Amino acid sequence: MRLTNEKATMQPQLSDLALVLGLLICCLPTLTWAATLSDKRLCADPKCEQIISMGIAKITYAIGGEGLISFKINSPIRVLSKSAGSNMQLWGVDINGRRGYANKDFIMEKKILVRDKDLLYEVPVVGPGSPVQSVETPVQSVETTVQPVLNASESTDDLATTTTSPLEIAVDSIVVEHDKLQDQQVPDPTAASKAQVQVIEGTELPLEAIAATTEGSIVPETAADPQEATNLDSTVVDTKEPQALNSEAIKLQEEPKAQQPATEAEKPPPLPQAINAELEDADDFDYGDDETDDDSQQGSQDNESIVEIANDNKSINESIELKPLSVAQLKKTDKVEDSKDETKEKHAEMEVSKQEDSSLPTETLNVTALEEQIDQKEFPKQVLDAAVELKSSDPLPVEEVTETVAEPPRTIVEDKINEEIVPVSAKIQAKPATVNPTEPIVAQSDAEIKAPSESVISSTTPAPVVEEAPQKADPVGLPPLFEKKNFENPNNYYKQLQEEQEKQRLVAEAEEQKRLQEEADQQKRLQEEAALNKRLLEEAEQQKRLQEEAEQQKRLQEEAELNKRLLEEAEKQKRLHEESEQLQRSSEEAEPQLSVQEANMQQLNDSVDSQSNEIVDNNNRQQPEQYQQHHHHTESAFNHPSTASHTTPTPDAESPYAAVQEETTEASQTDNHREGVGYVEPVALPATASPVSEVPIKEDAAGFGLFATIVDTVNNFIGKDPQSDPADSSDELHRILYPGRPEVPPSQRKAEDFAPADVDGYCARFQAKDEHCHRSISLDNFVEVMADKLVDHSQLLLCVVIAAISSLFFMFAYYCFCNSSQEGALLSKLNHLERSLLASHKENLIIKHDLMTTRTKLASIEDNSFGSNDMVADLKKQLESELYEKAKLQEQVGSLERDLDNAAEAGLELNKMLSEVLNGQNGDEAFMSTVDELQRQLNDQEKIIIEINNSLAEKSRENSELQYTFTEATTRLNSELKTLQEDNYELEMEKSKLQTRLQEIQAETESELAKALEARNYEMQKLQNQIVELTVKWEREHGDLQTSLAKIEALEDCLKAVGKDAIHNVQELITSAKTRGELNAVHKKLVELQSKVEQEEAHKQRLESQLQQSSQDVEQLKQDFNQSERDKLEAQTRLEVLSGYFREKENDLKKELSLQETKWLQHQGENASTVETQTLMKNEIQTLKSQNDELRAEIEAQIASHKAQMGTLENRAHESWLAARQSERRCEEALAEAASLRRKLTTMASGGGGVGGDPGVMEAIAANGTSVLGAELKTAPSPLPLPGSPLLNMPNPLPFLAAPFSPFMGLPPPFLPPTGAGGARPPPLGRMRSPPPSSRGDRDRERYSDYSDYDDYDDDEEDDRGMDRRRRHSGSWGRRHRGSYSHSPRTYRSLSPSDSRYNYNDTETDFSPPPSPPPVPSGRSATSRPYSEV
C-alpha cells in the first residue's frame, strides 16, 4: 500500500511513530486508501456519467496520490463530479478517456453544461476497506441499467497525452481477472487504480465487474445504491484488517445457500466474449501502458479453467434471443428476496462471484435424470443454466453416479438435484432485472443444452473437455484470409464473411425460435417446481436458524464447562475415528464409488491449487473457527444419521467453506440408504472470508501451487509441534480428505492454549492412536512411525498420485493437440506475411525519405537556393582568409608607419645635422652618410611594398580561380542531379513494371492452384463414389454368402436328422432347412445390424460433439468478427485521431518551414552582408593602398625637400668657397704688398746706416707709409684662431659624423686652398668645379663629388655614394630602379630653404598623408621625370 500523498501531508513530529505506522500499514491497509479522496462527490446523475462542464488544464500535473490522475497543460478535461464531502478540492474528471480525480484549482472551465444548483446527487466514494452498505433492493424493471464504473487513470504519466478515444462498448461486457498477488487487495475503481482499467489496443475501458477466480472474490452488490460500481471490486476484502465482532455477530452471517442465489439478480455477470477478446488481442499490440494489466491477466489466466474459456465463446446473438425468456422469472425473485436480510445478500453475491469464474465441473448427475432433462427438454432454460452453474462451481457437492438406476431412487436423486438446482435457478430468474447482463449466462446455458448428455455424464474427470477445448480456434468453412485477394481487399472479405455469418445466424435463429416455443411450454411446470423449492428453502432456513441458536447455546455451555467437554470431545473423536475407518473400509469394498470419489477429490485438489495460487491472505484469519465448525458439522452428519437427514451442516459466514449449503428434504432417508442411489456427500469447498474477519492470516504457501500445499500438509501431519499450525492453517486437502473429523470450537481452542499437550487439537484427532501423539522418533522406531504415517495418510498419497498422473495426462494430451493443430501453417504464413509487410514498410519509408530529399533539392533548385549553404560556407572561409590578409596588411601598414616615424625622426636629425654642418661648414661627409642610410631604408621599404603588391596579386588570382571552380562545381552538380532524377524516374518505371509482373504471376499461380485443387477434389469425389459402390456390392455379396452358409448348415442338420429318422418327409426337411438357414442368416444380420447401430450411435455422438465444437467455432468466429468490427471502428477512430494529429503536425511543420525560410532569408541577408563586408574590406584595402601610396609620395616629397636643402647647402658652400677665393686673392695681394713693404723696409734698413737718424729720411719713410706698415703689422689677424673666433664657437658635431679639426691642430688658413686639391683651379662663379686629376684612376674620375675633400673618411661607402652622386648629377633623385613608384614626388619651384611654400617644421610633427599625386602623363613613363623638377 503506497502512502505517497499521506506522507506528503504528514507532520514532522509523526516521524517518531514510524514503527506504529508500519504496523498500521500491515494491519489496516485499507484505512489509508482514500486519504486524499473525498468521501462524497456531487454529480448531475446517480451514475456520475453526465458531463457537468468542459475545460482545460492550467498546468502539467503528475500523479501525486492514489486515485488522482495525471495530465498535461491545456489538456481537454470533462468534469463529471464536483466538490462534496471531506475534501472539497477534488473534482471527478475524464481526460482523454481516463477517469479519476484532479484538483479543481488546476482546471479552467470553458463551458458549463450543468449549473451547480442542478447538481442534486451526492454519490459516496467507497474505498476497498470500508464496510459494505447492504440495502434491501427491490426487483428492478427490465429497463434498469447497471451502475457503470468510472474509468480509472494509471499512476504513470505515459498516458497523459493519449489521443485515442475509448471504444463504445457496453461497460458490463468488459471483464478482467487480476492476480491478487500483486497488490494484496483490490482498490476502489473510483480511486483510479490500475486494477479497474482494461487497456485494449491502447484504449482504457471501464470494468463493470471483475470476477476473480479466487477464494477471496467476495462481491457484495446492491443495485439501488450508487456505491454498487465501487463496491463490486473493492469488496475483495483484505483480511489483514481486524474486525472486532463477537460470536453473536458471526452467527448473524451464517445463512444457507438456498437464500444466496436470489440476490444475484442485483448484479449482472460479465460478458464472456469480452474476456475472450481480451485474451486473444492482449498481445497483438505492445503498449507500454498495459504491461501491468497483461501481467495481472496472465496470473489469472494461468489459473483459469479451460472449460471457462470454452463457455465464454458464446455469441451475443443467442443471448439476445433468449433474453425475453428470463424476463418472466421476476415473480420468483420477489418471493425469494422477501426472505433475506442484508447479510444474506452479501454472501449470495460472494457466492455468485465464485460461480461465475469457477473451474471445471465437479459433479455428475444421474444418467436418467439428465437424459430426461436434455432429450425431452422438460426443464426450461433457467434450470439448465442452474445446472451449468452447479457443474462449474466449487461449493457444490459431488454426486456419485451409479449405473443401475431404479425408478423409486431416481425420484430421490431428482429431489436432491432440485435442491441444488432451484436455488441457482432463482438467481437466473432474478437476473432479468437488468437488461444486458442476462445475456452471457443465457448464452452459456444454450451451449450446455446443445452438448450431448453422454459427454456430460459419462466423464468423471475433465480430461475430454481439456482435449477438445483448444479446437475452438479452428476456422470452419471460411475463405482463407491470407489469400492475395483477401489480403489486399479485406473489406470485401469481411463483407463476405459477414454475409455468411448472417445466413448462419438466420438458420440458428429459426432453430432457436422452434426450441424457444418448445421451452415456453415448460414455464408452467417450472413455476410449480420453483414453488416447491421455495418451500424447501424456507424449511431449510428455519432449521438452520434453529441449529444456529443451538450452536450458540452450545458454545456458551462449552465456555462454562471447558474441561468436561474436552474429555467428551476426545472420546467423541476416538469414536469418530473408528467410524471413519469403518466407512473407509466400506468404501474400499465399493470400488466404483471409490474411483468416483478419488476423481472428485483430484478435481477438488486441482481447484484448490488454482485457488491457492490466487488467494494471498483473504480467507486465512478465520481458519480455527471454520475448521472446528466444519468438523463439528461433519461429525454430526456421521454420528447422527437421522439428524443429518433433516438438518445438514450450517455454513459459517466467516468460513471459507460457507459455500457448503445444506437442504432439508421431507422424504429424508438415512445416509446409508442414499449411498446406493446418487448419494450426495457434503464436501466442504472454500469460499472467501467476509470483511468481518478477526483472526490473523497465515499465508499457506500461496503462489507456490499444489506441491507447496501438499508439503505444508505433510509437515502439519508429521511435525513435532503440530498444535501451532494444523488447527490454524488453511489446509484444504486436509479438510477434503478428513471431512468426518470434528473441529474444536473457538472456546475450546482458546482453552487449549492452557490445556496440556496431550489434549491439544492435533492429538485430539488421533486419540484412537494415542501412542503416536507425542512419540519421539528415533532410529529404532523410525520405520514403524513412517509406516503408521503412510497408512494414516494413504488417501493423501493416493490423491497426490492421481493428481500427478492426471497432470501428466493433461500435459501429454495438450502437447499432442498442439502438435496436431492446423494453426501452425497459418501462423507461419501470417508471420511470413508480417515480415514481408514490415520489409515493404521499411522500403517504402526509405524510398519516401529519398523522394522527399530529392524534392527538397528540386525545390531549392527552383528557388535558386540550392547550394546556398555551401556558398555561405565558402564565403565564410573566403572571408576568414581575407580577414587574415587584412590583418597582415594592417601589420604591414603599421610597420610602414613605424618606418615612416623612424624616417621622420631621421629627417629631424638630418635637419639638425644640416643646421650644425651649415653652422660649422664641416659636416658634409656625415650628412652624406646619413642621406645614404636613409636611401637604403627607402629601398628596403620599396622592396616590402613590392612584396605586398605581389601577394595581393596572388590573392586576387586565387579568388578568381575559386570563383571559376565554384561555377564549374555548380554546373557539374546540376548535371549530376538531372542524371539522378532521370535514373530515379527509370527505377520507378521499372519498379511499377516489376510490381505489375509480380501481380500477374501471383494471379496465375492462384488460378493454377485453384485448378489443381479442383481436379484433386474431383478425383477424390470419384474415388469416394467408387468406394461406396464397392462397399454396397461387398455387403450384398457378403449377405448372400452368409445366407448360403446358413442354408448349408441347416441342410447338414437336416441330412443328419434324415439319417437318424428317415420317416420324416424330405420336402418338409428341405423346407425346414431352408427356413432355418434363413433364420440363421437373419439372426446374424440382426447381430451385425445391432453392432452397426452401436457404431452409428457412437458415430452420432462423435458427430454431435463435432457439431457442438463447430457451433462453438462458429460462435468464436462470430465473436472474432464482432471483435474485428470493433477493432475496425477502433482503427477508424485511431485513423481519424492520427489524421488530426498529422494535420496538426503538418501545420507545425509548415510553421517550422516558414521559420526556416525566414532563417534562410536571414542567412541570405547575412550572406549579402558578408559580400558587402568583403566589398568594404576590398575598399578598405584599396584605401590602405592609396594611403600607402600617399605615404610613399610623402617620403619622396621629404626626399625632395632634403635634396632641396642639400642644393641650398651646396650653394652656400659654393658661395663660401667663392668668398674664400676672394679672401685668398686679397691675402695674396696683401702678401705681395707686404713683400714690397718688406723690401722697402729692407732697403730702408740697409740705407738706414747712412741716413741713420736722418729726420728727413724718417719723414720720407713715414710719408711713404712706413708708419702704416707698423700699424698694419700690429693690427693684422693672427694665423691662430682667437678666442672670439667663430670657428671656436661652432657647436659640437654629431657623434656619428666625422670629428672636425681640433683647435690645437689648427685649421688650414682660409686663404689656402683645400688640402688635396692638387693645385686645381677653382670653378667659375655659379658652376661646379672641375673633376680632380685622376690621381686614383677611373674610379675617382667617375665619382666626381662636390665634397671630395671628405671622401677619404668613408671609404667603405664609396660605391653607394658614387651611385647617389650619379643620380644627383643626372637629375634622377628618387628614381626607382624597378619602377616601384607610379607617381613623381612633389616638386617645388624654389629650392631655397627660406621658401615659405615648404615648411621644414612640418616634418617634425605632421604625419598626415600628403595629397594624392597627380596622374601620370601619357607621354612619359611613371618612373621618369624631367630634370627641371629637381
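Residue positions begin at 1 at the first shown residue.
Glycine too: its Cβ is placed from the backbone N, Cα and C atoms.
Here the structure is a predicted model, which means the values were calculated and not measured.
Swiss-Prot marks one residue of S359, S865, S1372, S1382 as phosphoserine, namely S865.
Within the listed segments 253-272, 953-972, Swiss-Prot records region 'Disordered' for the stretch 253-272. According to Swiss-Prot, of the residues S81, S595, S693, S1348, S1348 is the one noted as phosphoserine.
With DSSP states grouped into helix (H, G, I), strand (E, B) and coil, the region 'Disordered' (1105-1126) comes out at 22 helix, 0 strand, 0 coil. Secondary structure counts, DSSP: the domain 'SH3' (50-112) has 3 helix, 33 strand, 27 coil.
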